[in-house]
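Participant: Below is one structure. I have some questions about it.
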Amino acid sequence: MVKESEPCGRLEWRINVPDGTSRVLVPECMSHNRIYGKLQGFVMGFISKIWGFLQRAWKLAKNEPKKVMHCVKVGMALSLVSLFYYMRPLYEGVGGNAMWAVMTVVVVFEYTVGATLCKCVNRATGTFLAGALGLGVHWIASQSGEKFEPVILQGSVFLLAAAATFSRFIPSIKARFDYGAMIFILTFTLVSVSGYRVEQLFELAHHRLSTIAIGTSICLLTSMLFCPVWAGNELHNLIRNNMEKLSDSLDGCVADYFQDDVKANNTKSEASCKILQGYKCALNSKATEESLANFARWEPTHGGFNFGHPWKEYIKVGASLRSCAYCIEALNGSISSDTKAPDFLKKHFSEFCITLSGNSSAVLKELAVVISTMTKSSKIDVMVEEMRNAVQQLQNALASLSKQSIETTERETGESVNGMGEGNAIPTVTVVTLVEIVPLVTVSSLLIDIAARTEKVVETVNGLAEKAEFRVESAEKMKKCQNSKAVNQISRENEDDKTMMTLQKV
């Protein structure tokens, strides 16, 4: 009998071999090397995850330095408000209620100046109104005697808390004063309940108001003086970027559809990334736009924006951009369809579709320039007219497709047919099924719809330019634009003639 190894437990397996000997089979014990290897793998995996997290954090900080600066400003504000604890003269001035100032900084300090100002005003106003009402109710309850004092206090808490809570459901109040209503409920309840046992209630309310004033003042000064991030600028840049991304997405979709299949496969990933960075950004920005527009109303005059700047018009522009983005999303879905149109039809319609998408894209880019420079464009009317002409040409091509049979010309290379010599053109009728035509007609219809919605974007931007009093371009630029308009009119007439000749040939 030969033993291969010592057993780890009491159970063992014995096997008899033909040579008359027997062997004992035992499970192998986990060696120290295996334990060390697993421990090492666990530690290395944990370190790799930490390193990956640090790399992503560094990338975020590098791409968006404003957020890093916001973190620095929060730390600075908390350091300043902490001095009321560390310095005895300041601590004696506010007493142990200095912690309310620290809590105020933590709660109200936001990324943009408008959001910080909104929360500061809401917190200060809600605290002041609740403190004043709490003191008044406490005085009335104290004059009613010990028997009715708790009844009056509890009744006032019930009525005012219920009314303030109901006000939070009103859309206009919820949009701008929701945080103030919540602070009102909290402060009034604290003052009313604590006033029944605390004798120096006025001093308590005074310290509370003073510490909140200190905290809000530090937040506002830090937010506005050190690298301020204005909600108005963020909204302005967001609308401009969405216009540029929509323009790039439209160009990418149409180019991807009408280019060769081999080239499409080589650039598919790049085009997909371009689409995702385009229309999806515009579709997902509704909540951000409304939030920034709400906070921008609170901000003082800064840059090219006055206090009464029409921020609501940006919401209208954003809504029109999303309407255009929905069509681009549908266009992307049609382009990705498995059903393909015949190559000769795609080649025939490619000129009209690419021209129309190029004109629509150019209009969006020009509108982005208008938003960026806050200057009325003298070229936008000419560009819109060119887009309308491109729409008309594409509609004529679609009309010809429905009225005429599609003929292709093939040249005979080997023999004559019906008395026709070699090399003569033989007209043949190509049968195209409805299923093959539908994708191309869908793409063309969506491009026409995108052009119509682009005109809606132009209208909303013009409304914003009028209400915000955008600057007017110089006389030289307007003169150049008029000259180019005359030249474009002549070229459009020539293009119409060429289009009619092409349709007749088809």
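Backbone N, Cα and C define each Cβ position, glycine as well.
According to TrEMBL, the protein carries these features:
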- 384-411: coiled coil (COILED)
- 487-506: region 'Disordered' (REGION)
- 68-86: transmembrane segment (TRANSMEM)
- 98-117: transmembrane segment (TRANSMEM)
- 124-141: transmembrane segment (TRANSMEM)
- 153-170: transmembrane segment (TRANSMEM)
- 177-197: transmembrane segment (TRANSMEM)
- 209-231: transmembrane segment (TRANSMEM)
Participant: Six or more residues beyond either end and a Cβ under 8 Å away: which residues meet both conditions relative to the transmembrane segment (124-141)?
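Facilitator: That would be 148-150, 152-153, 156, 160, 179-188, 191-192, 195, 201-202, 205, 208-209, 212-213, 216.
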Participant: Which residues, given as numbers and ranges, are at least 6 beyond the ends of the transmembrane segment (153-170) yet have a Cβ under 8 Å from it?
Facilitator: 133, 137-138, 141, 177-178, 181-182, 184-185, 188-189, 192-193, 195-196
Participant: May I ask for the residues of the chain that lie six or more residues beyond the transmembrane segment (177-197) and have a Cβ under 8 Å from a Cβ within it?
Facilitator: 118-119, 121-123, 125-127, 129-131, 133-135, 137-138, 149-150, 153, 156-157, 160-161, 164-165, 167-168, 204-205, 208
Participant: Below 8 angstroms Cβ to Cβ, which residues of this chain, lying six or more residues outside the transmembrane segment (68-86), approach it?
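Facilitator: Same-chain residues near the transmembrane segment (68-86) but 6 or more away: 61, 93-94, 98, 101-102, 104-106, 109, 111, 214-215, 218-219, 222-223, 226-227, 229.
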